Structure formats: structure tokens, C-alpha cells
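Down below is the structure, laid out as C-alpha cells.
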Amino acid sequence: MSPAMANPRVRKFNPIAFTPLPVTLITTIVYLAVLILVLVTYLVVPPAPTLEMSPRGVNLTEAWRDLQHLTGGFHPYNSRRNDDVHAWLLHRIEAIVREHSAAADDVPEVFVFDDNLSNLTYSNGGVSKSPIVGVYFESTNIIVYIRGSEDDPQNWWEWSNGKPKGKGGVLVNAHYDSVSTGYGATDDGMGVVSLLQLLRYFTIAGNKPRKGLVLLFNNGEEDYLNGARVYSQHAMSNFTHTFLNLEGAGAGGRACLFRTTDTEVTRFYKNAKHPFGSVLAGDGFKLGLIRSQTDYVVFNGVLGLRGLDVSFIAPRSRYHTDQDDARHTNVDSLWHMLSVAIATTEGLVSYTGTDFDSKTTDQDKVNSGDGTLGVWFDIFGSAFAVFRLHTLFALSVTLLVSAPLVLFITSIALSKTDRMYLFSMSKSLGGTSETVSLRGLRGLFRTPIILTVTTVITIGLAYLLEKINPYIVHSSQFAVWSMMLSVWIFVAWFLARVADFFRPSALHRAYSYTWIFIATWIMLVISTVYANQKGIAAGYFIFFYFAAVFLATWVSYLELFSLPRKGYYAHQTSRGQRRRSSSLSSRLLTPSADELPSDIGPNGAENLGDPDETDPTESTSLLRGQRTTFANYRTGGNSGVTEYTAEGEHVREAGIFGHEQSWSWTLPRWTWILQLLLLAPIVIILVGQVGLLLTTAMSQIGSDGVSTFIVYLACALLSTLLFAPLFPFIHRFTYHVPTFLLLIFIGTLIYNLVAFPFSPANRLKIFFIQEVNLDDGTNKVSLTGIQPYLTNTINAIPSAAGQTANCTQGPFGSLVRCSWSGPPPRVVKEDPGNDQTMGPYTWISYNITKTVGKNEARIKVSGRNTRACKLKFDNPVADYRISGSAVDHRLPHTSRQGVAEIRLWSRTWENTWVVDVDWHSNPVKPGESKDGDEKQDVSKNELSGKVICLWSDNNESGVIPALDEVRLYAPAWVAISKSADGLVEASHDFIIQ
């Protein structure tokens, strides 16, 4: 007889059954499909449109050429090329306005303000008990006002204390200065050329804005947001109520929505065709995890405007280096920022409501109204979700209460119907002391143990990388991700398979989802508390995660209604046990299966025929057409508890997998797919987005002296969050995928431990400055970076050969600063007859006049071939005043901690600043004596410090030979960036007695 005929119940292949092959294939396909979509969103920039498909009024070819011209050289505020860029921008603006005004009559009025009058004295506000830094700055901003159709028709800014009537306008800002070591293609050239295209777009016929639009080309952002601060002194700062800030903190890719002030203004970003960003970045600023700032903090914090911050965020290794140029970016990135700017600005200038024009509680700020905190994130870079944080809080509280309640009610219903197999060890037979084992506790603690072990292993790998090769994530973030994810899946699969081998359980899924439900419930509680008390919305993904987990868990509980009643199962099992016991005595006389009559089953039990052909009774199966007895069994030990399985038999009950509980044969075999689709896609999308955003933004923070362990720890924890939805099914996986992932893990682990962390495409940033002491003629070149790579770089510099570099702790974290004597700079052109010693150089002119009998002095400072100087004091001064400067109580220039440094910026070259300073008497330290007499506390009325001037122009070779040398001889994997506002700082010491 053929095998098929011998076993008429051979199962047919079910492509959606909860069996190894379908589970392995379907889960792999789902995870790969969604992960690939998430990766494509982050790695592929949407292509720029052709000229024919571009919006009317936008010329992308022209924008790219403008970017190439703008980035033709370094143009920091303190450089001659910065003046050239300023003049070029005025020319381009005038050309665009002239072209459109001549082309049609129905175009808006345009007013161009070349602001060479505004100035301001202010400070950094102080940190803790530290003295503050004071700043004096003179504006060279260019402000373009496009009058809206509903704007005040009068030129109100021409009147003394004139104020606009009607609704507030919209500000779009970008800064046209670069750092001294970067060409500024993305920081902030793309923002600047986007402003030029916005000017072109809104000045053609048919595109006239309803509300006035102000385009601010600000100068001086890189040196402490100076351009935005001095904009506060211009009349237009009182007109605008909303803003869009265009920035660059990377060197390409997609422009990310960095942060926003409120929900209402964020909704205009939904107009973008390719939105990109998450509220997670904005909360990073709130929590202080992101230290750098943009003009956003001035527009919102000082002026009270409501708006958005859009910025490039990667790769950080090119930020502020010579690779921030047009060659290392592309027109697609330019189009992404420009398209976002057009869509958002068009929405803002077309808005007819009054949300941004109501009174505010702070009288020092514009009447832009009060917004609500928001939650926002993109989906595959094609859709954008935005809603109020209060809404998230309300939904979270509702779900935190209702989800456990629903599961509790479902559990009660299961208990009432005698189908609550969860947490059930056995079932007593009515009227007897005999119990039947249900094995319902199998797998109860499997999930927390295995998930804890896998997470601990990934965290251990994070520690290992931090100790052995801490900066590998700088260039190989995907190798780190691959290592973490592959080891997580393999370890989880291996442990789950071992547990399933020794203690198989049909309740594995239900217990797994229950534990995940508990864990995510706790996470949502924490997230909800932070949202309510601190306004932190970064945990938004936990709400959706928990909601999906709840639904998947509920499905597992609802599945249990398909099981037989526990009492019925125990009764049927007991009958089977008695039949088997009665047959043991005659087993030797029992004929073989081939000798049995056709109505006798292969296990010695009579075939009762089709149950559909009999009248139903109390013992009839709830699911007709299914067997109601459990003929395959095993007798337990001497405990009096009996348990029945198919052990020792070749024919298994239909629906039972392996050696799982025999009562599980009626469980649906397809609901696992529903659970997978309910949970996995939303988790991959949201957690994958969070993970990529974190590692993309933070993978290269090591070069700034920040510990990279936080990046590895994030990868480890997010791996658990990302693949926890897979765990309820992972014990069904075949060995093929986990074995392949084990090989991936071994390969990536070896690579991550031994590979060199930097490359020409992902360079290590090292920071340069040269300091010259004009009193004794000495100079020192200083490089700041991380060890041992800093030493490797210095060893490659010819001028450092034969010298012992003096290394000290750097300004932050693990940074180290090393100095040596280098070739002298030539930032000031000397008379041909002058010798080349440093002493006679007259780079800085200064004069100090002390007021008799008072701790007051007037300091006049001027530097040759520069427009940036500063005063540093050994002891902070109490107050200072700059001749001819404006002050603004919104931007205080002093504090109780005193002022340790005063930075001076001028729009004119070789300007003379006049600074008046006041200082307190400084008590002599114990043990000191002013005149060598008896030790006593006397006052020292002197003030000492340095007069320093800065040079930042690096466009001509040979002006700063030390910088040229470092760039020429540093390894290819090193990028040179500025260490301070100036590349060269020259100083004189002074003492005022």
C-alpha cells in the first residue's frame, strides 16, 4: 500500500499556515520590502524636474549657476570676497526685479534695503555662573520686501517710529556668509539661491502674494548669529510674524524639517511634495542634545516670530570643510530645498486666517499669537502627518486605560466560556480528584528572558565597539546597523528554537504579545508623562507602536475562542486514557493496522464516522467536521495528572504543530499574518525612521569630541524595538535566514573591530588656528582633534618635525589641542623695507585711557587688513559700551557674572572701535601683598587682558602658510575646519593700572 493511502490525512501545503516555510518567506518579504522603502527615502533624493516641468517662474539651471558662482571661494564675514558676494547679490536682485517689472504690469512692488546702518551691542546671555561674551556687530544684511496685495499701501518704514497696519508678513531667511574653511554650498548657499528663486517666483504676473514677503539675505550667521540679531533693529523685523529659515548643517541629501515653533505653522509644510523630517530633531534641541544653533532661535526667541527651520543634516564630515562645495552636492538636493521653500512660503503668504496676528503675552515681541506644541513626521518622504501634542496626550491616556481594559474583559469572557488556556496548568475532572494537564504555562517567561538576553548582547557589542574601534560608525553606520540587527535576529531565533524544542507551546505568540504589550505600555506611560510635563513629542512613535501591539495582542486572545472548552477537552482526554488503558492488556493480541477492519482506526480506536452524520451532543466538537477525541496521548508520572500527546505515534492530529499542546488543533492557522501586518509595517516605518535619523545626524559626532557610545546604544535598543514584532513568529523560522545572518554578523563584527574608521569620503575633522604674540614675535599653530589621529596628522606636517608638540585638554569632551611653532602668517602686507621679524609688525593699533580715580577706561582698537577684533580680560568687566552702538533690552549686553570677552565686528575695513569699560576692584588673594608689606586684603584696581584681531581670509595661497601646509600634508582622511572665528589671531597684552 502506498504511503498516501496508508495515511489518508496527509496535509496539503497551506501557503499562509503558521508553519516554517510560509512564516520564513512572508515575514522576510514584509520586513525587506518596508525596510528598503525606508532606506530609499533616506538615501535617494527625489530627482529635480526638467525645465519644462519646473514651476512657472522658477529657473533651476539659473539657480545652479548662481550656486556655483557663490561658492567660488571662501566668503566669511571677515573676508574681501564677502564684500564681493554682497555686491553680486545686489546685482542679481536688481536684475530679477528689473526683468519682471518690465515684463508685465501686474507684478508686486519690490523694495530692496541694503542695510548698512543697523548695529547692535548684545551678549550670549551667560551660562550658569560663567562670565558672558559681549558682541558689537554692524549689519551688511540685504532685505527684500515684496508687498502683498493685502498689505498697508503706505511706505510706513519711512516714518519715524512707523508701524505697519494689517496682518503680519512672512520672513524667509538665509545667510550668505560661509565659514573660513568652507565654500558654503549647503551652508548656506542653497538657501541663498533659493531666496533668489523665491524672488523670481513671487514677482512674476499671477504669483503676487496676498501677505507681504520679506527675503532676508543675512550676513554674519557663522560668527554667533550676528546677522539675525542685528536684523532686530530694522523696521521690517516689526512687520513679519512668521518665518522660514533655510540652513545647512550637512552637505547634501534631503533638506530636513529641523524644528518648528508650533502645530499651526507646521501645517503649511504639508504643502511640500517631498516632506522630510521628524519632531525628534526639534526635541533634540529642547533637551540640549544638539548644541549648535541657527537663526531660528533669534527669530522665535527674541522677536517672537512663529516658523520653521529647514536644514541639510548630512554628511556632517563635509560640514564647514572644503568639501561643502558644488562638486560634492547636486541639483537634486538644491531642488528639494527650493521646492520645500516654495510650497511652504506660498502657503504662508496665502493664509487668510488670524492665527498669526493675535496679541501675545510678551509685549517685547510681535503680535504673532500663541501656537500649540505639535507632533509631526513624514512617511516615506511623500506624506506628512502633523497634529497637536495635546491630541497625542489625550489619545495616549485613552489608549493606556482602554487597551488593558479590553484585554481584561476579553480574558474574563474566555474564563466564562472555559477557554482561558493562558496561565492554566491543568483542569480537574468534575467529581473526581483526577486532573488533566493543559501545559498552559509553557512559554510564559520565554519572551522577557530571550528579549533581555538579545538586548544585553547588542548593548555588549556597543560597549565593545566603544572600547576597540569607537569611531567606526563615522564612515560605516550601515555596517554597525547590519551587525546589530543580524546578531539580534540570530540570537533570538536560536534561543527561541531551543526553548521550543524542549518546551513547545501553542501559546508562544499570545505570551510574546502579552509581554510586548506590557513593555510598550510602560514606555507609553513614560512618553506621555514627558509630553505632558516637558512638552517632549519625540516619543510619538511609541503611541503607534503600542496601538499596533494592542491590536496584535487582542487577536491572540480572540484566537482562544476557537479552542474547545477546557472541561470538554479534559473529559475527552480522560475517555481516551481509559480506552488506551483497557487496550494495554490485549495489545499483544491486537492485529496490525493492515489487518484491522476498515472501520477501525490505526490507533486501535473505532472510527466513529463523519460527525456531521450524527446528532450533536454535549461532547460534539464546536467546529463540525473535526475530530472530538485526542487519541494520541502520553501518560504522566505518578502525580495523578495525565497528559496526552502523539509521542510514539506516526499519525498526528490535524492542526497540531510538532509537540505542541493537543488542544491547539482548532487554533486558526492564518491569524499570524494579520498580526504581522498590523504591527510590523508601522514599527518598521516609524522606528526605522527614528533610527536612521539618529544615526545619520549623530554618526559623526565623534570628531567633535562627543562619545560615540550613545550612537551604538541607540542602535542596540532600536534593534530590539525594530524586531520585537518578529519575535512571536521567530521560533517558526527555518535555519536558512538566521544562518545567513550569522555569517553577516561575523563579517560585520570583524570589519567593525579592525577597519580604519575614516576615509576620503568620510573625513575626520581637525580644527586649525594660528596665534601670534605681537609682543615677543612668537607664534604657535594649534590643531584640535581626537587622539591618536591628531598625533598622526601632526607627524605628517613638515614644520612640526623635530618639535615636541605641546598637547593639552581641548575645549570639549575628548578633544585634545596640540601646538607647535609654525611658519609665520602674512595676513598683513608689510612695507618692502621692513624686516620679517614679528616684533616691529604694526598689525594692531590700540590706545587705552583710564579715568582718574575710577575703574573706568576707554580702549581704542584698530587692526590692519581686518574688520574683526576682540578684547579678552583676565577678570571680567562689569559693563561696557561701544561708541555709536544701539542697545536693545531684548538682547541684554551685560550680566551679573560680568563680561570676559568683547567681540567687535565692523562693516568697514581697518575700523577703529571705541570701547568704554567699567570693572570692579579685585580683592587680593589670601597670602598676596601688593607692596610686600604685611599680608592683608587690599584692592587691586588694575585690569589686564589682551587686545586681539582676527584674520579669516583664506582665498589666496601663501597668506597663511601654516594652513596651506596642513592642508597639503595632512592625510587624505583628514578635513581641516576652523577652530574659532579667525584662522589667525594676533594679540598684544595690556594692563590698566
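Cβ atoms are placed via backbone N, Cα and C, with glycine included.
For the Zn(2+) 2 site, Swiss-Prot lists Asp187, Glu222; matching the candidates His91, His100, His320 against that entry yields His320. The topological domains that Swiss-Prot gives for Glu434 and Ser699 carry different names, which places them on opposite sides of the membrane. Of the listed candidates (Glu109, Glu138, Glu247), Swiss-Prot assigns Glu247 to the same Zn(2+) 1 site as His175, Asp187. Tyr319 (site 'Transition state stabilizer') has its Cα within 10 Å of the Cα of these recorded positions: Asp187, taken from Asn119, Asp187, Asn847, Asn955. Residues of the topological domain 'Vacuolar' (694-709) grouped by DSSP class, helix first, strand second and coil last, total 10 helix, 0 strand, 6 coil.
Around Asp187 (Zn(2+) 1 binding site), taking its Cβ as the centre, 26 other Cβ atoms fall within 10 Å, counting all chains. For the recorded Zn(2+) 1 site, residues His175, Asp187, Glu247 set the reference point as the centre of their Cβ atoms, and the other residues of that chain within 8 Å of it by Cβ are Ala174, Gly184, Thr186, Asp188, Gly191, Glu221, Glu222, Leu246, Gly248, Ala249, Thr294, Asp295, Ser311. The recorded positions His175, Asn238, His320, Asn847 include none with a CA atom within 10 A of the CA of Asn955 (N-linked glycosylation site). Note on the topological domain 'Cytoplasmic' (556-672): its mean pLDDT in the predicted model is 58. Beyond the ends of the topological domain 'Cytoplasmic' (413-447), by six or more residues, the same chain brings 496, 499, 503-505, 507-508, 510-512, 514-516, 557, 560-561, 563-571, 573-574, 636, 640-644, 661, 663, 727 to within a C-beta distance below 8 angstroms of the stretch.
Taking Cβ pairs closer than 8 Å, the topological domain 'Cytoplasmic' (497-509) reaches residues 421-422, 439-440, 442-443, 446, 450, 556, 656-661, 663-664, 667, 672, 675, 728-729, 731, 733 in its own chain, all 6 or more past its ends. In this structure, the CA atom of Glu247 (Zn(2+) 1 binding site) is 13 Å away from the CA atom of His320 (Zn(2+) 2 binding site). The highest tally of CB pairs under 8 A with the transmembrane segment (710-730), across 25-45, 448-468, 510-530, 535-555, 738-758, is held by 448-468.
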